[in-house]
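TrEMBL has this to say about the protein:
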type	residues	note
DOMAIN	A:40-171	domain 'Methionyl/Leucyl tRNA synthetase'
MOTIF	A:42-52	motif ''HIGH' region'
DOMAIN	A:221-403	domain 'Leucyl-tRNA synthetase editing'
DOMAIN	A:416-573	domain 'Aminoacyl-tRNA synthetase class Ia'
DOMAIN	A:622-663	domain 'Aminoacyl-tRNA synthetase class Ia'
MOTIF	A:623-627	motif ''KMSKS' region'
BINDING	A:Lys626	ATP binding site
DOMAIN	A:696-808	domain 'Methionyl/Valyl/Leucyl/Isoleucyl-tRNA synthetase anticodon-binding'
Amino acid sequence: MANRFNALKADAHWQGVWDERRTFAADDHSAKPKSYVLEMFPYPSGKIHMGHVRNYTMGDVLARYRRMTGHEVLHPMGWDAFGMPAENAAMEKGVHPGNWTRANIATMKAQLKRLGFALDWSRELATCEPDYYGHEQALFLEFYKAGLVYRKESAVNWDPVDMTVLANEQVIDGRGWRSGALVEKRKLSQWFLKITQFADELLDGLGSLEHWPAKVRLMQENWIGRSRGLQFRFALSNDGSVEVFTTRPDTIYGASFVAVAADHPIAQALAAENPDAAAFVERCKQGGTTAAELETQEKLGFDTGLTAAHPLGAVDLPVYIANFVLMEYGTGAVFGVPAHDQRDFEFATKYRLPIRRVVADGDRTDPTFDDDAAYIGAGVLVNSRELDGMSVEDAKRAVIARAEEAGWGEGTTVYRLRDWGVSRQRYWGTPIPIIHCAACGEVPVPREQLPVVLPEDVSFDVPGNPLDRHPTWKHVACPSCGADALRDTDTLDTFADSSWYFIRFASAPEDKPFDKAVAASWLPVGQYIGGVEHAILHLLYARFWTRALRHVGMLDVAEPFTGLFTQGMVTHETYRLDIPDHDGPPAALWVSPSDLTVGEGGVLSFETPEGASIPIIRGRVEKMSKSKKNTVDPEPIVDQYGADAVRWFMLSDSPPERDLEWSENGIEGSWRFVQRMWRLVDAEAQPGDGADVALDRKLHQAIAGIAADIEALSFNKAVAKLYELTSAIEKAAPSTSRAQAVDTLLRLVAPMVPHLAEEAWAARGKAGLISDAAWPDVDPALLVDDEVTIAVQVNGKLRDTLVMVKGATKDMIEAAALASEKVVRALEGKTPRKVIVVPDRLVNIVA
RNA sequence: GCGGACGUGGCGGAAUCGGUAGACGCUGGAGACUUAAAAUCUUCUGCCCUUGGCGUGCGGGUUCGAGUCCCGCCGUCCGCACCA
């Protein structure tokens, strides 16, 4: 046994052994309890980054621990391989998106393998391959058949230079992020998935997800945004009518106007014949949508000249077009109650509309309202005829009941959630398996013609969608009538790909998306780990997709992920060149940590190739990003320190849900600990004999504590306990206990530093792999100490501590405490009035 | 604006039920080994006026006892954003 751990050699050796023996392949037919551990699969952007390393290390510790505790573990890995960066690379470098993506996958797979993750690579998948997306097309058509897919005109962000649709995130200050062109709103026919049909289920289902962070559940709840209220129709003075929705039907007698959105049909109709109205509508559209703009934007209206008849016979209300009413929410029209809604209050103030109090604010019941803000609190109804004296809640119910009885309105539920638009005018995605026929309309691609495969011969030298311009691809015969027809040339949003990959991991037959029974034997995912940036979209879409599959009878699973953990980011200090009068782009000033020179006293500088030295300003600690140039590439770090030191660092110090700051000192410390454990094992070559009960106790307390910490994903606490245990073993004299403790320590650290553990396990002549070893058993008798330290307080202040046998009686403890010299001194001759004794913990003497 | 989380040494953090605040790691100091350095080992490291006093953002409260519970502030971060 060498006295130094050669990580590079050990890493390669044991990774080879695991591969060869298929150690981490999951057996569908195992009799053991099944455990599905999953980390969010990566986008193959080129190289792995520290965020991946942290994410996958956490999942790996849990997966390895679960194996050791007797579970059949499914821990797979794959690639979220469709998406825009591949097309951007194609435009910039002239490479085919497929070649670029597959090369990246090869690189990143090799990098992940070097970290020794316990992954079942036999289940690897890439969403960009027809054997994945073909099945996705089949699922899309199942949803289509079940009426969960429909097509509708919808406004999109259109980049006129790149001739493509942009996601909202890609529009920066109204311009396309690549082209810089002013983005237009354009109406396009788009496919939608009916996620709103599941709004209630998705909202109510959150209640069952007790192992999800409360924050994520709340974010989804707000995103779905369920509101109950009254929807009803106002008769208009032009014999038309307008439908409005309100969550405050109780305030109906306080209404003083009706407002419709600028793109509401009533506004559109008026704009068509009245140039002033048209100008106002146009002005509304130009309004900014950023936070700051909305905050300061004035409430503006245009009087249509129409009036609306109050359904309960109060005065007629003027109808306005208003810039603050959204067409997308509710009915696109509201009634305004200025006294009890802040926006209505501002609007009414500007246009001198009546402001009438209908909810008492404490003892203020006067109909005249002269506060400078709306009153939105609870109270008793006033100035509201038959509603007077009711609470807000009672009045809401009363008005809804009355509306339903009289037939002019009904209680309804409205959601903030909209249906999921999935059409993308892009090449590198799953082709939408629909054919458009002049005679037959939309025709699904017949099952036997799936997959609809992307054409390889595409070019990106001109803007626009290569699928649409391809000379032959879109021309097909209509499956229904045989006439010339056209394929849909849009592809699916890549969030569709990630909405079911965890099911395909569990079961991947060739002839169908998955086998219902096999998939259900693994699902739901017991522990899902990923970044909080997916708290809403990905996690909501995957929940929807799973429920939609249940709806069509393909899978009996309600929730895909019963446990969710959102890990923190990996951060690093930032560095900037100290050039006072720099007039170039500020981004040019950032300097990568690897380009710094450390001078005397830790002073940082940047040496130019010409030999000049520029001082450096240390910036904030921020998420590693290319733009701030504060990334640290994992690969050379693994080369230098080995996989185990990197893994150990990822688990140390910071709680997993918080940010972890990368530091040179930190990785050095981890490397030292790996070597220290190795020396400990090495020195144990000649074991002593005899028992060491104190060490046995520490060991068993560590086994129980570390198990609890890993199960709670509190890796930083488990790491601290392992440091303590290692120190305790180092300090212990040779004994059989000590020799056993070393063997046990190896099993306890095996999930975290598996290469070291295997190497040491083999060196100590143990049979088999430590990866297949069982987690050590705990002897409950050794968990309790026979001696305890008892704190002695006088008036709540610590004065002494006593070491006593565990289980000493209150009288014994009290007597011992009162006998303490330090206590006598602290009492200063006073007589104790009261003595509180908490057995085995503390005594508090009150004087 | 609405919703939520958090605030503990020089730093990351621990304290699971209201019971010895600061485990463990990093940084730093001192020493041992060494011709020397690295590595390693030992030891100290919250603050101060050190038989003691003060300390968990600030101010109150409950309690024998509060980092932990309650009330009111201040600060930081995150999400949503004219959602009727």
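Heads up, the Cβ atoms here are built off N, Cα and C, so glycines get one too.
With a cut-off of 8 Å between Cβ atoms, the residues of this chain six or more beyond the motif ''KMSKS' region' (A:623-627) that come close are 49-51, 569-572, 587, 590, 659, 662. It is A:622-663 that, among the stretches A:221-403, A:622-663, A:696-808, forms the most Cβ pairs under 8 Å with the domain 'Methionyl/Leucyl tRNA synthetase' (A:40-171). Taking Cβ pairs closer than 8 Å, the domain 'Aminoacyl-tRNA synthetase class Ia' (A:622-663) reaches residues 5, 7-8, 10-11, 47-54, 57-58, 60-61, 111, 114-116, 213, 565-575, 587, 590-594, 669-671, 673-674, 713-716, 718-719, 752-756 in its own chain, all 6 or more past its ends. For the motif ''HIGH' region' (A:42-52), the model's average pLDDT works out to 94. Broken down by DSSP into helix, strand and coil, the domain 'Methionyl/Leucyl tRNA synthetase' (A:40-171) contains 68 helix, 20 strand, 44 coil.
Secondary structure counts, DSSP: the motif ''KMSKS' region' (A:623-627) has 0 helix, 1 strand, 4 coil.
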